[in-house]
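Asker: In case it helps, TrEMBL gives these features for our protein:
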- 17-37: transmembrane segment (TRANSMEM)
- 43-63: transmembrane segment (TRANSMEM)
- 70-88: transmembrane segment (TRANSMEM)
- 100-120: transmembrane segment (TRANSMEM)
- 160-182: transmembrane segment (TRANSMEM)
- 194-210: transmembrane segment (TRANSMEM)
Amino acid sequence: MITMTQAKSTPAPGRRAMLVALGLDLVAPLVVFYGLRAAGVDQWWALLASAAVPAVVIAARFVRHRRLDFGALFALTLVGAGLVLSALSGNPRALLVRDAWLWVVGGVAGLWLIASCFYGRPGLFTLFRSFLVTRYGAERVAVFEARWDVEAKFRHDMRVITLVWGLALTLNAVVTVFIAYLAPIDVAGGAMNVVWPAIAVPLWIFHIAYTRKQGLRA
């Protein structure tokens, strides 16, 4: 029999899975890199090993679930391309630059979100609408679009949340590229893995609180 205390202290399955995924995707590469560097391994080989961690994780998930989606395949391709580039150039910073430019794609998306706040409908409105179509159907979408047409406050709030997301994505890209090109390699390897979580955690807290307070939940 599970007591109330035990139930509270036991993480929910979804939360546990999220923590495990976060550990594998974020913590494991850092542990490998800094562990090897502490053991005296060369920067290039330490980066090589840490970059291989995501590939191993992707392969393990494929074996377990028998499914490889486009995102995982794309990430695996980038890892392979980065390793080849680094091997050909003999420069360990090539791996860091490759990872940084991947985040630039997010920065471009951020600029698009910012621009969408001033021209037409904001980007998150479009994304929310697509979510409603998939999950609830056309009737719920009609209600959502009607709010845009008649509620000035709703339009303002959608622009605010879109602008915040756009600024966050753009800031992440700028900081990551700066670190990849200018920071010492031993510092950059870990710092680049911390930038997005440091931005994403307060971003999600704001997103959840703001959408709940302003009634923007889909």
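Backbone N, Cα and C atoms are what each Cβ position is placed from, and that goes for glycine too.
I'd like these features described in context: how deep, what's nearby, how far apart.
Answerer: Long-range Cβ contacts of the transmembrane segment (100-120) within its own chain (Cβ-Cβ under 8 Å, at least 6 residues beyond either end) map to 78, 126, 159, 162-163, 165-174, 176-177, 179-181, 192, 196.
Distant neighbours of the transmembrane segment (160-182): 93, 96-97, 99-101, 103-104, 106-114, 116-117, 122-125, 188, 191-192, 195-196, 199-200, 203, 206-207, 210-211, 216; these residues of the same chain sit at least 6 beyond its ends, with a Cβ under 8 Å from one of its Cβ atoms.
Here the transmembrane segment (194-210) has Cβ contacts under 8 Å with residues 26, 103, 157, 160-161, 164-165, 168, 171-172, 175-176, 179, 216 of the same chain, all six or more residues outside its ends.
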